Amino acid sequence: MKKGIYLALTTAVISGFSIFASKIFVAKLDPIVFTTLKNLFVAVILTFVILNRRHLQSISKLNRQDILRLTLIGIIGGGIPFALFFTGLTMTSAATGAIIHKTLFIWVAILAYFFLKEKLKSVQIIGYILIMASAIFIAKITKFTLGDGELMILGATILWAIENVIAKRTLKNVSSELVAWARMTVGSIVVFSVVIFQGKSIVITGLSQEQIISVLIGGILLTAYVLTWYKALSYAPASLVAVILTLSTLITSSLSAMFITHNFPVTDFASNALLIVGITLIIYLSIQDKIAKKVTSYKL
């Protein structure tokens, strides 16, 4: 489990840098087009990653259920949610979208409890409350409505939570690299279809050098993210990995404060403190639970 925790922490750091970079790059390029190009870039990179004997042999051994799960991961993880999320963002505020997306770890915990039999103790719930309080505190939302845009973002968030559960099961038989490849390749096809449907494909042919560099940097960060994330999922519970990934908001806000706003509000310190305490509590309880299980099995 500890290896999974370290990998999840690495993923959170990568995600924090990636979100920070995206905030800068998306301002220069349509969000859905930017996401599509990033995903296509990652799909190409991961295709080269799996082109070796070990992965090709594992592909030949995939059964029908594995193929179905990999396809679903691509569609509901790397495809449809992105279209829903970015369309929803055009219909609501960024703060509202962010707060809805930050509920991802809660949906993962609920689904993992029912479908992966991951335990959820009452003390852990305190950690979940602290993390959610941190997100609400930093969002500074005074009014919340649930319109079409909000429902689209919520739908995307729930689909990503479902992806976590399917991926966790798939990783029992399939390598993390192959799962990442399926997610990005199938997802790229879906998102690119949306770009064509929206009539935005012409934007791709007119990219400037600066926009191409933005896509390349974003693609490199996304490649590192999916590889470390799925590897973390293969070693640690899905609910724990999802919780640790919320640390990315601290990384992003810190980078924004240092390089963009040059301002460190007291509310951010309070929010980050709640986040760190919540994550630390859940990690500690998860490790203690793992140790207790080992001791019990040893006695038996």
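Backbone N, Cα and C atoms are what each Cβ position is placed from, and that goes for glycine too.
Feature annotation from TrEMBL assigns domain 'EamA' to 3-138, 149-283. The transmembrane segment annotation in TrEMBL covers 5-26, 32-51, 72-92, 98-116, 123-139, 151-167, 179-199, 211-230, 237-257, 269-287.
The average pLDDT computed over the domain 'EamA' (3-138) stands at 89. Put simply, of 151-167, 179-199, 237-257, the stretch with the most CB pairs closer than 8 A to the transmembrane segment (211-230) is 179-199.
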